[in-house]
Amino acid sequence: VRSLGSIALRKAEDVDFKYHFNFFSVNFNEELVALYGGSLQRQTKFVHECIKVILKLYRDREFAPTSVAIVGHSMGGLVARALLTLKNFKPELINLLITQATPHVAPVMPLDEYLTDFYTAVNNHWILKAQDLRNLTTLSVAGGFRDYQVRSGLAFLPRLSQHDSALSVVSSAVPRAWASTDHLSIVWCKELILATIRAFFDLIDENTRQITEDPKRRIAVLNHHFVRHPAKIYEENPEVFTELTGAFKGITVKASKWTYSSYNDSDGKYFAFPLASHRKSYSHVYCENSMLDTSSWIYGCMNSNSSVCLEATDLSWKAELLPTTKVVILKLQDYPSLSHIVIHVLPTVGNKYTLDCEFFKEDSRTVQLPVTHLFSFGLSSSRILLNSTGLLYNVQLQHFNRIYQAFKIYIESHCQVPSSTEISAKLHMARPQNDNSVPELNIYSSSDCQYEVILKTSVVQILGQIIRFHAGDLPVYVVSNILLTYGGQLSTLISTGQCSDFSLELVRTAKPYKVEPFISIIVFLQGFRWFRVIWESLSLPEVDAAVLSSQDAWFPLVSLTLFLFGTGIAYWSGVFFSMSLRLFSSLWLTLIRTTVLRKDKKLMTPRRLCGVLSLALVSWTTCGAFAVFIIYLQYLFKDSDPSKETSRNSSIHTVKNQSSMDNTSKATQSLSNSTTVAEAINSLKMHVTVLNLFTWIVLLNSPSLIYWLKNLRYNVRLDPDPCRCTAIILVCILEILMNSSTSEVKSSKLLKIAAKVPLPLSVAMLAFGRMHLYKVPHFVTFSFLLHVLCCIV
């Protein structure tokens, strides 16, 4: 708000404070609502109260405002949109909403159901109540590829047929900004702030001295400053026709290509291009001007003779401002009444600029360049040579419509001084359905150069796109890999009586072909109506992959890549836990030499029961994630006991074998100690896997814990708490698991079921957890519950 306010103050000074804006900031105490959705509804109601209080401040003013304009950054923009969902909110209280780097489509990380439910409620309301939003103008500005937190595709507002007062732009495409921003710098990017404030002042109605109530004018102003800037100061009703007097020297140009350079020209002049001789041979006229002022410079004559243009229309409003020039492209067929195109050259003192014009056929300047295949890996290229000496080329990139396509485009200019330009080509979102448009590369060239366009697939950029669109899915794939390994260890416990090592079992069991085909088959069958009817009759939720597939954001090969990434992360996390536990156990054994082994083999004792009840009470009265974290720490330190016991038993085994006992006694003792050591090792391996799974549960629940700790001084109890019930169940389960051993599990009748369940759970997790990360702990908890039953039954 400081950046907006300071620029607005300077702008008010320029107009002698005829108009000025007052800015109010809403303090949300930096709550982490992007990760915890429990306070979003409360924030929305708070903003509503703020608006009512602000408007009361101006109640007795001569030009009292009846509405406010809102600028919302990140989740603040979503909260502003959510105002329309409140029952007692009057839509006329907001007339303009500008959001910056706001994820409108879906949450970046759907870590709790309150967050996803809030998104569903807001987006559904804006779709179903589109008629009520006709008087609200909305602009969404995305940060582009430098915003690693919120990708631009999430920031695009849906364009509804009933609601045409919504614009979505990327900061790198905003005129006079042309730069990508990260998630924070978008709020103080000077170029974007200037565009925003200029738009605010152009929106003022001189009669009411407030932002105009005309939605068409509001969208026109936003288009002027954020979409297509004609290099002119905005005018609500610009003069359509003007008269060019004979005060300027007129020159008739009959050539199809023309260049003029001006330097210290004290006499203004205009150049007239007769269109009658060009209409049959050419379809378009293109002009560019390197003088980036705001004056009119190109006109169309309606009625003219050889010396003066009697009536002209100002075509400067058709121009588009580019970083180094302003250009106009006119289709001659759209202007049948024009007899001449007139270029107005203003007097210049100390300034040098160039004007270029040419007539051309659209077909001769439009070329098609098929993109290289995704699996060419940059080894092959697609290229085209532009032999013409024109000023404009339109290169259509054929078959470029998927988010996983990414290319490097090299433009080599063959001039007196050769040069090369490199461009990264990738999409912010997939091409919408029923849209046949093709990405285009517009080359504004020099007439004395030849250009060669070379396109290659970029493997690095493809991986970047996968990470950009699916990095939030990685926890699901990691947990799925660990869960498959967990089931494999239970299976080896049945077949061999031994628990296999985590790393070896991960390599053996965690195979993508066990999981991916099921999801692909379901997505394929979802395309048939009869299958969808059966699916809905079973009250099953929609498969996340099917939703992503409908958005053209899911591809089986990408899912395979993510699964392999998950395998790698799971492998190294297992290695890390094993090494950490062994190191901690060794240090503990060195510092505290315990000579008495733990003899308590009971799964639940009165003391442990009291601990469970205490943690359940903590979960219910404070924060569920806090209770989960406590039991995690308890398990972490408890898990070192099997490792310490293994070390002690190994020492005892060695010492006893070297003692001078009789052969029978020695053999018996050796066998007993070997069995104890093997059992301890098996239990340790199983505990490491359980702890590995439990770590991801803690990580997925950590946002609510952080939110609770940050707001602890205001309220001891987190309400609502997304993991309160899950935490109570986990506390009970893990208190038993941490005191269990594989000897109790091996004799269970339920072990076969417990060993087979992780596979369907992994499939279900990938099917329903990618867009709902908060469901992942539920699948893991169910697997833990079966393990506990194996210890009891």
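Quick reminder: no glycine exception, Cβ is built from N, Cα and C everywhere.
TrEMBL entries are annotated by machine, without manual review.
Residue ranges 66-84, 522-540, 560-578, 579-597 are listed, and TrEMBL annotates 579-597 among them as transmembrane segment.
Residues of the same chain lying 6 or more positions beyond the ends of the transmembrane segment (690-709) and with a Cβ under 8 Å from any Cβ of it are 31-32, 35-36, 38-39, 111-112, 475, 478-479, 482-483, 486, 502, 570, 573-574, 577, 622-626, 628-629, 632, 635-636, 639, 718, 721-723, 727, 730, 734, 737, 773-774, 776-777, 780-781, 783-784, 787. Mean per-residue pLDDT, taken over the domain 'GPI inositol-deacylase PGAP1-like alpha/beta' (1-202), amounts to 90.
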